[in-house]
Amino acid sequence: MESSDSVRVAVNIRPLITTELVNGCTDCITVVPGEPQVQIGSHSFTYDYVYGGGGPPPSSIYDDCVDPLVDAVFRGYNATVLAYGQTGSGKTYTMGTNYNDEESNGGIIPKVMETIFRRVGEVKNSTEFLIRVSFIEIFKEEVFDLLDSKSTTLGRPPIQIRETGSGGITLSGVTEAEVRTKEEMASNLARGSLSRATGSTNMNSQSSRSHAIFTISIEQNKTGSCLSAVNNDICDDILSAKLHLVDLAGSERAKRTGANGTRLKEGININKGLLALGNVISALGDERKRKEGGHVPYRDSKLARLLQDSLGGNNKTVMIACVSPADTNAEETLNTLKYANRARNIQNKAVINRDPMAAQLQTMRSQIEHLQAELLFYRGDGNGSFDELQILKHKVSLLEASNGELRQELQERRLASEQLAQRALEAQAEKEKLVMQIEAIRNGKSWDEIESNQNQDFDLMKTYLLKIQELEGELIRLKSLNSSKCRRISDSVVEDEDGTSKNSLFSSGNDYLSSDDIEDNEKEVKHSTLQEKLDRELMELDKRLEQKEAEMKRFASSGTSVLKQLYEKKVNELEHEKRTLQKEIEELRHNLGNISSPSDVVAQKLEEEYLHKLNVLESQVAELKKKQDVHAQLLRQKQKSDEAAKRLQDEIQRIRSQKVQLQQKIKQEAEQFKLWKASREKEVQQLKKEGRRNEYEMHKLLALNQRQKMVLQRKTEESAMATKRLKELLESRKASSREAPSAGNGSGPGVQAIMQTVEHELEVTVRVHDVRSQYERQMAE
């Protein structure tokens, strides 16, 4: 379902602020009562909505402009709210981008959050929702992720803009946080707002130095009964839509803002992006260029590229032009109103973002029902055409065969996915096992205790991981299989009513393309696919490298070398103490042997004392042996940990080498594609040059042909004149021959007449000969 809408434009006139009142500023803009029309100087503009300045209050903006867009998002349409204006005109305040708990009700975005979760609560029993948010900024013509918690403001890596196969725009690596409550969404908005680039200028103490886009993605799975002649299965209608809330940085003049240095460069980048966006709006708003399919310069700035769908694409869009009524800002206000007036002419074509697999299955069910109804009609009537009945049977058999093939392929994909999931589960469990062993060693547990607790913890951990893997696998199957099967289904089952398949239509349409164009398109598509694959592999290697380096940091933080030295020192001390005790035992035994008389009381006491001391020393020696064994066991465990750390280090080096090789491969592939494209462009230029040369030759031939036509026409006219003269001469000769016999014999006037006649005949004969020769030459030419 497609909806063609113009971009709706609202003007929000803020009141005069304290600084403007102190400076004696007055209102320069007038609102026509009862009409969405404003006047500034000699200019008058009409918009869809006008707020403030004596018109409707700004609090009505949400109910009139934004609430219908939220409703459209729940119906599957993409939507955009765009705030534009000069610096200090109230864009951020209107949008509510600087959200905090103390001002939770101010601005459009907080009201959007409240409406979304109220609507979700109303239909949560019949619909499953998945809501994600992302928050980005365009700062100095670079895109940054404001929800990236791992990066600081100064060290954030820029986000890359990529084009999808269908021509859409996507951001590679941007954070999409899943939210379940309004509080979670508000927390992400507040966290991103704190990371946004702001600065102070003479016109605004908290000026936004970047364009910000807060995107809310809503995926809803509506479950309901599907009454069908084929079966009574439950149909799932999956809709997905995005709501973009855009807070543009304000246009500014360096003379008025007093910007210099970094602030000046920021202002230049802001104005460049807004200028490129203005050129896009002008191109889209020109009806003549739009009908002729003129070029739209989306690629002149990253802001224009990100708003490509919002302006002239698959979106329902509302633009809010924020203006200042102060007479000191009259020129900037007039430019903003002109900017917004051009945007009203932009035509968007919004379509419902329905899950292609579910929509195609519904189409197949409808086709089967239609075919079965026709089949029942022909069977009941008995007068139907046998050929048409055979066609219907053939269509049904094609549908059933396609359905069987798809089910078989689905089963194969599912088995392969389960095998990969099992392997991933085992690897994850092994990794967790090693981490647990390292933690146990760090806590001072013995190896026997680790081995005894390992199996129980490992089984429990494996059970949890298996459950998580099953849930993730179910989600992946639902998402990934849809898009991969949609094209197969449409190619195999869809035939139009005239018996002509879509494939034949596609093939007939492609006949208009030259083989070179097809080859170029295939080459570019193949290159794009390969680049995406290599990028995914590179990202996977980066993730693995981060994991291994994190494990190495844990090993390093545990101070393995220090502990090893400590254990060795302790073992040496125990050895020394053991030798000392053994030496004392030997001395005691020697003293016992030197006692002369056991009956002697003193000797007996000495013997008892020595025996007691000997027992004490032997017990100390035994205790020292136990401690020595424990420390030796700990040393062995540390050696195993060192070996594990070495294996991790080797694996990190291997992954790094793979990463370098992959980067070299990506660079080589890009260079090859660049060379190929350059050669193709060179060939195109040569062909264009050859075409111009051929065109020049063609013009020369056309001019020569035109001249020949003119010469032929002139010769034809001369031939006609010569023929006419010839006829006149022949008539004159005949008349002379009739007059000759009537002349008398003799001399005098008769002889003179004869001489004149002879001369006349000679002249006529010569002229006839000349005319004939000239005529023959013309005919020969």
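Every residue gets a Cβ built from N, Cα and C, even glycine.
TrEMBL: automatically predicted annotations, no manual curation.
Listed in TrEMBL for this protein:
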type: BINDING; residues: Gly85, Gln86, Thr87, Gly88, Ser89, Gly90, Lys91, Thr92; note: ATP binding site
type: COILED; residues: 389-437; note: coiled coil
type: COILED; residues: 531-672; note: coiled coil
type: DOMAIN; residues: 6-346; note: domain 'Kinesin motor'
type: REGION; residues: 731-756; note: region 'Disordered'
If you tally other C-beta atoms within 10 angstroms for each of the binding-site residues Gln86, Thr87, Ser89, Thr92, the top scorer is Ser89
Three states by DSSP: which one describes Lys91 (ATP binding site)? helix
What is the average pLDDT across the domain 'Kinesin motor' (6-346)? 84
Show which residues of the chain containing Lys91 (ATP binding site), separated from it by at least 6 in sequence, have their CB under 8 Å from its CB. Ala83, Tyr84, Gly85, Ser208, Asp247, Leu248, Gly250, Ile320, Cys322
Does anything in the same chain, at least 6 positions from Gly90 (ATP binding site), have a Cβ under 8 Å from its Cβ, and if so what? Asn12, Arg14, Cys322
What is the total of other Cβ atoms whose distance to the Cβ of Gly88 (ATP binding site) is within 10 Å? 27
Structural state of Gln86 (ATP binding site), classified by DSSP into three states: strand
